[in-house]
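Student: Here it is: the structure, laid out below.
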């Protein structure tokens, strides 16, 4: 059954319908079983499926087509082995790589599918493998066991049928979450006979990938029970702090939400790869043109000369006339010149990228020791694009900041608390924390020693039992009561009575912990009660409803009933949504002061929340609760209906105050941003924080600076106002007439710096800079089709852009806007689930393993622990990867054109009859053995400058942004060099052997000797070209460069030996040619002459360019050489002085120079 489970009913499922323990009924729907399959191949389809996928590449199809042509004797002058063997090698290497990857997936699938769980059958529990579980069955889960399928929770061992689960595998969050069974099913407890007889029917949503939403109903005993996410246990979760629980399987296998979220990743391809694909088509066209020229010239030759020599060279029966000969020669030349299109190009690039990825993973300077997190290249296809990034889109919280929150300040009833005070009680500046004295929290036995607060006025206010501020109520009491009740944090208590909180966000944890230290302690909670110790008094609140937070609502509310049966609604959220929901009778003075405090807190870079409440009348609540229940049991549009019901109750509230939480910058963020900006990268911060907070962080991390001419703020609430603000800002920038802040340049000023010193261009550094800040409500209009180009024009003219109050969808839209209209590589970096859409939208996605889980990491292409590592990833690994792949491609096309076009020149001497100048085995081994490894090692290890110079001189990164190292111009130059090399190698060798005789007067100008001389010369010349292109030599470079030349000779002697000829006379016709040809001085003299002719001009031109038109890299290398010389001179002088016993006076480098 498992093998054929993939052939299930593929009809689109609109609603899931099942009945517990009714297997015959459930089988009618052909729901898939619980076996999962992430592997791609099986043992019986691997060869066929893998080959089918590989032949999706045009290059592979092309070579198979050529291979077929080579089996036609009338048009093929090459042994089919010359194409067959390279194709087999390339396809085999790719297949082996795919097979190894799939074996790991098979092992992972097997490990999961064979796990065992207790399955209820005939009133008893039996161990069953996960893969055999089916929809409608009931299973038992034990503590610390993984959930094998998506389950409806029926009962549990805990009070009120609660269970605690960890969802790290789903969303990366390690905090515990609570789920509760319906009380009616909870009564089933652990009674197997009753559970076996349970026949509840479930009608719910079809399988989908929404982890945070579930809509359905349970029909049992003539009653209907609403099902939501709080009653569902998802596959991938782990049961914690719960002895056991029973669950009904709703979704199994591929239908589970975990597997629904494991869809295929969108394939990202680099600019270089897309450009290379275009070049391959151009090469196809060139090959077609050359073959056509050869065919025409062959027809002319046959008509003029071949016709007259039929006595000596009779035409084949298949060639009745010159036109047919030309037609056949077209296909023959297509075969002969096929190596213009590099068959091993793509597989070579995969190996290079794999090697570069290993270097990223192994880089100790990208290792975050605090969390034991190494860097991870999660894809191997985008390495070189890291060296071309021009736009960086960054989240703020957890990406630029630490996302480790600390309760810093608050505003209660219009009074501000949290400022620093010294030992005399006097207020001091925020920066003088070393002079501040922490308050005494000894009145609270639950206070933590690690918690520090420095404002004694708040402690005095809390402890004043007679304190009353507004409406006759105690403001501080309600303020901290709200913080203690309005959250989803869980309590973990150890055996020795020590407890800690597990909150869903660092903000929530900071607030609940702060309330605990001030005397309002969250002690325990059940599904519908929260126990709080308020200044020593234990109070139990009954939770009547939880109005959950989401990115649209931007707030959370809880409705509770206290021990005196009073009902309260407590709400906390963004000031923009809470303040507009205050009642008309709200104290305007308190509101005004709170808004002032909010602005002050935000300007200091603190994260703020507003707190509000209202008391509900019993009748009012009951009416609302009936509407809430109706919306909560709706099968369609449940979320929209609930949002509408929430709106009805969250109004006419009373403002309690505001909180301010500190989230410090990560280490090295300002320096990283400054250096990346010097590398011409435009950094945009996309954050959900309010404007003042984002702007303050912008200044803290040096995105916004005081030397900026102006920071524009777009904050219009209508399309017209936003358009006017954008146009006004754009005109101001254009009218200033300043040069672009991105003007990159290097200057060498000998009068002020030592020789070779690389400095920034003063003029570019003095160019006026602008900043841009735009609010989320304005961004809605700025992203409209009518305004987005104007907005992008303005944003592109600014050196820093900050978008505040943005939603995850807006983040992705901003990235898409830049991708669509700018020919630039984009990178998005974030750490939370709200950054996933932005990370997926960008060319390159980077995830930070932070405090908000690992969803960003799971969606990313590269991952590490801190924002500062982005500098090294881009400026070092990215730049090197780009340079390496460009050198590889330029050289690869050069050597293939040099090798192949020799055939074309030989055509002028054989009537363009498509005869090969080389031995068939030389053609076969040229790309796969002789010239493969030197350029691969170059492309994996090459460093034009060392890593410290890459970071010290960030403008060295600019050539990658401009595509300066691999473009149509350089491609043309590579082709031209290949043409010139082929001309030199062929005609010099041909001329040297044309009338050549040996010492005995015997003729040396036979075809096999010339072929061997041309092949040997070609191999050595192109290999020496690799040596010339290499700037960073290692032992591996020496081994493979010189080794590839040395190994050629044993191969050549072996392939022309008597032994292989005797075994396969038709396949190895060059018998004895090596022993004979290598004895001729002419061959070695010709070799030296051609090397000098091909290599020396390249070296000379490069030297002249460095001398007369040095690039930025040349200047850095010059500086390094001079610096090394100076240091060596210093060491020598110091050593001499030490030996002579004299004292050496210090001197400056410029004196020596």
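Keep in mind that glycine also has a Cβ here, set from the backbone N, Cα and C atoms.
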Student: Quick test of your reading of TrEMBL: among 952-970, 1009-1027, 1104-1122, where does it put transmembrane segment?
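Tutor: Comparing 952-970, 1009-1027, 1104-1122 with TrEMBL, transmembrane segment matches 1009-1027.
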Student: Pick from 888-909, 1130-1151: which range does TrEMBL record as transmembrane segment?
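Tutor: Within the set 888-909, 1130-1151, TrEMBL attaches transmembrane segment to 888-909.
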Student: With contact taken as 3 or more Cβ pairs under 8 angstroms (pairs 6 or more apart in sequence), are the transmembrane segment (975-997) and the transmembrane segment (78-96) in contact?
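Tutor: Per Cβ check, the transmembrane segment (975-997) does not touch the transmembrane segment (78-96).
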Student: Output the single range from 279-301, 328-347, 921-941, 1039-1057, 1077-1099 maximising the number of Cβ pairs under 8 Å to the transmembrane segment (78-96).
Tutor: 328-347
Student: Per the 3+ Cβ pairs under 8 Å rule, pairs at least 6 apart in sequence, do the transmembrane segment (888-909) and the transmembrane segment (1009-1027) touch?
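Tutor: Per Cβ check, the transmembrane segment (888-909) touches the transmembrane segment (1009-1027).
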Student: Considering only Cβ pairs within less than 8 angstroms, which of the stretches 55-72, 279-301, 328-347, 1039-1057, 1077-1099 has the most against the transmembrane segment (1009-1027)?
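Tutor: Stretch with the highest Cβ contact count: 1077-1099.
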Student: Are there three or more C-beta pairs under 8 angstroms joining the transmembrane segment (279-301) and the transmembrane segment (921-941), sequence spacing 6 or more?
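Tutor: Result for the transmembrane segment (921-941) with the transmembrane segment (279-301) is no.
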Student: Taking the domain 'P-type ATPase C-terminal' (857-1111) alone, what is its mean pLDDT?
Tutor: 88
Student: With DSSP as the reference, give the number of residues of the domain 'P-type ATPase N-terminal' (20-84) in helix, strand and coil.
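Tutor: Here the numbers are 31 helix, 0 strand, 34 coil.
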